[in-house]
Amino acid sequence: ETNTLPFHPFEIQQGDILRMEKEHQVLKEQLKEAQEKYNQLQSRSSEEISALKELLKKSVEETEVSKNELDWLHQDLEIKVKKWQQEKKENQDNLKALRNTAKKHTDTNDRYLKTIDEKEKQYNVYLNTYLETSNKLANEKVKLEELIKKSQDDCQECVKRAVKAEISVLKNWKETEVCKLNGIAANAEANLKMLKSLSSSASAAPKLKSQMDSWEIFISNVKKQLEKVEAEYEEKIQTVKNGARNCLTKTETVDLPSP
């Protein structure tokens, strides 16, 4: 199987790395805005200081300003300068914090990249091992399939020989039973023929009539049993040809008592 979660287990929750990258991007944007704001404040401070200096120079050149007004201007200028210095310090502190945060995220990103490289190397080792094992198993599978096919062919050949042997046994049993019943029927027909010859005289005919009837019934029963044996053995032979098993049993025959 192939791991489709490339950042696992480097994320506590899915999307941690992507979220960290987005935060890193946001911090970059904030850093850029802070730098722009700092440059604007610096430019504005420079412009205002220049304007105040020009105003001071103009006031001195044009007229002598009263001390109170001059003190007020100096105080106002000091307040503004302190305010600008405070803003500059805050911006510098924010810039330093943002740089530290950016450095922290950069170090974390570098550590993750290093870990990912190590995992990729480990994955390549596992992949090569898997491919080698897979090829080996594929070769063994081909050998086993060939062995199975050979075994199946041998099995089919054995089945054919077994079916042929069972059919041969059933035919032998059938011929034996048929021969036995045909012999019984032939003897009975000979006896019946002899009785018919003896019954040619009028005096012996009534006495032999019941015996001839018994022999005729006996011959009829033998022929019925002969047909039954032939039919059952043929059915078993056909069943074996159709693939049935455990059909190698003799057909039970009833010993008919001769008259």
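From the backbone N, Cα and C atoms, a Cβ is placed for every residue, glycine too.
All annotation found in TrEMBL is predicted automatically rather than curated by experts.
Under the heading coiled coil, TrEMBL lists 17-154 (among others).
Sequence annotations record features per position, and here TrEMBL assigns coiled coil to 212-246 (among others). Within its own chain, the coiled coil (212-246) has Cβ neighbours under 8 Å at 163, 166-167, 170-171, 173-174, 177-178, 181-182, 184-185, 188-189, 191-192, 195-196, 199, 253-254, 256, 258-259, counting only residues six or more beyond its boundaries.
Among the features that TrEMBL reports, domain 'TTC3/DZIP3-like helical' is placed at 11-259. The average pLDDT the prediction assigns to the domain 'TTC3/DZIP3-like helical' (11-259) is 87.
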